[in-house]
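Student: Please see the structure below; I have some questions.
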């Protein structure tokens, strides 16, 4: 583990990996035309000058291109990953070293991330990314979040400072929340107004994923949201591309790297038929699997049926399937009692953001069950009768734990959305009172345009009379906000 020097604060696995990381970042830049175009367009204007951005998002090669784009537009950045298994250590090392530094003299961005963090280490990293030495509030003035953990820590800190105390960690309903409470009890003792002071200058947060957006809307509904937010997840160029096409690529990549089993001919159950579920189902069917969908929503269930999938309940198919993939963003989707009914060497994995879709705690409590590591993030669980299950990434994101996540081109869409959302919130605070917003349609369309040349796409141009006929401008936007792509 490589930690800070006097010149820079960071904590990564191994700085000597930086040259490898830099090579992969250079390759990724070619595949990320959206971010590179934004760098070129805004480099002179420096719209993020004065921004102190705390990022909590998977520390991958693609994220490295995002970080260096934010810096190129004038921002200062501190970063942590949003998942204990998703960091690519060579990417983290390259960011800590920076494009002009060396492993011996790092000169990059403060980053706190390594693959295989404990939960205690994970929340320490998040705290470090939120802690800005020698600044007026000791914190950021912008947050770029994925899953909402950085935003959650700030809000819980403010809540407990206002109450004068944080709950005892022993009362927590999960191991992870116990670590959060331990951290906040410590900060209450060290600096009783740390989070309140830190939150006072935050102009807003841009949120990457469905789960984090859900948290934001909940906080807004109950009146506890402290600063405005842009819901990047529901930008069309994010949800219809990253969620679908990204998962279509990375799910089978993760399964293949983890298990090397032939997917063709097997039966796979995909839980949920939203954008993520659609991409996962398509990828498994493309490999020749027979795919079964479970759904609570009649509209999504009808879509799945019309797309040719069997739609059933888990109870009906749990003993038949070979592969189970949760994609819902909900909790308790596969319980221990369900896993006890699965066939020998069934593969169980999750591609939703958090680790509570699969009941890992319940599985561990089964009398006589034995857990064994096959390789990092691949474990067998042997039942007393000899039956074995293969569980990927301990129920966390298998596409990032067992593989490298979504490919660069699709992440260029999402991260271009994030960059433009950061510029929007930071430069126009008067336009965004505290609420949850979606990315303006003209910016959504801009992100799509930035990726067309790379694919050889030529757009047809509306004639003025055609534009007038359908009630739009020649240059767009072309669809109303309520349009469903």
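Glycine is no exception: its Cβ is also placed from the backbone N, Cα and C atoms.
Below are the features I grabbed from Swiss-Prot:
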| type | residues | note |
| --- | --- | --- |
| BINDING | 60, 146, 208, 238, 242 | substrate binding site |
| BINDING | 209-211, 243, 272-277, 295, 330, 351-353, 399 | NAD(+) binding site |
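Where in this structure would I find these features, and how exposed are they?
Tutor: Long-range Cβ contacts of residue 238 (substrate binding site) within its own chain (separation 6+, distance under 8 Å): 208, 232, 413, 414, 417.
Listed in sequence order, the residues of the same chain lying 6 or more apart from residue 211 (NAD(+) binding site) and placing their CB within less than 8 Å of its CB are 147, 148, 329, 352, 353, 354.
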Student: Of all the binding-site residues given, 146, 208, 242, 295, which has the fewest Cβ neighbours within 10 Å once its own Cβ is left out?
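Tutor: The binding-site residues 146, 208, 242, 295 were compared, and 295 has the fewest Cβ atoms within 10 Å.
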Student: Compare the Cα of residue 209 (NAD(+) binding site) against each of the binding-site residues 60, 146, 242 and report the nearest.
Tutor: 146
Student: Same-chain residues six or more away whose CB lies under 8 A from the CB of residue 274 (NAD(+) binding site)?
Tutor: 210, 243, 300, 327, 328
Student: Ten-angstrom check, please: count other Cβ atoms within 10 Å of the Cβ of residue 353 (NAD(+) binding site), all chains counted.
Tutor: 23
Student: Between residue 351 (NAD(+) binding site) and residue 242 (substrate binding site), find the distance joining the two CA atoms and give it rounded to the nearest Å.
Tutor: 13
Student: Measuring Cα to Cα, how many angstrom lie between residue 146 (substrate binding site) and residue 276 (NAD(+) binding site)?
Tutor: 16
